[in-house]
Amino acid sequence: MDSGYGSGRYNCFFGFPVGLMKSLKIVFLIFCFLFAILQTLYFLEIPLPDFIKFYLANFLCMPIVLSICLFTVQYLKKDKSLRLDLITVLSVFVMYAIYFEIILPPLHWRYTADIIDVLLYLTGSFLFYFLQKSP
């Protein structure tokens, strides 16, 4: 998809030029850093806006998990050109959504079923899918 910059070299995800990211590894490191900061803020009991407090980790989850899966497969197969296909990405999304939004909420007070969580898992999954396709 052309971002409107004229060259057509940049792919966009919700208007964000992913071609500028150059590497899924950079995004992976940024997301891990954000997740570590978020967990530190939770631990220190620093107040956060509700949207960040309840939803940021859900958005970061799928790109981090899927990146680890991709890097592991690439390492084991010794082929950096391997990519996860859409069916694999969506399968992981469905498994996470079912486990964390259907199975766990009745079993543990810490987990709540929330459609926004599912949408954020899906958004993160698509973000990963498109980022892994960029050069």
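Here the Cβ of each residue, glycine as well, is placed from N, Cα and C on the backbone.
TrEMBL annotations: computationally assigned, not manually curated.
Under the heading transmembrane segment, TrEMBL lists 26-44 (among others).
Marked as transmembrane segment by TrEMBL: 56-75 (among others).
Taken from TrEMBL, the feature transmembrane segment applies to 82-99 (among others).
Residues 11, 13, 18, 21, 24, 27, 54-55, 58-63, 66-67, 84, 86, 89-90, 92-93, 96-97, 100-102, 104-105 of the same chain, all 6+ positions outside the transmembrane segment (111-131), place their C-beta atoms under 8 angstroms from a C-beta of that stretch. According to TrEMBL, the feature transmembrane segment maps to 111-131 (among others).
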So if I exclude everything within five residues of the ends of the transmembrane segment (56-75), which remaining residues of that chain have a CB under 8 angstroms from its CBs? That is, six or more out. 24-25, 27-28, 31-32, 34-35, 38, 82-84, 89, 92-93, 96, 116-117, 120-125, 127-129, 131-132
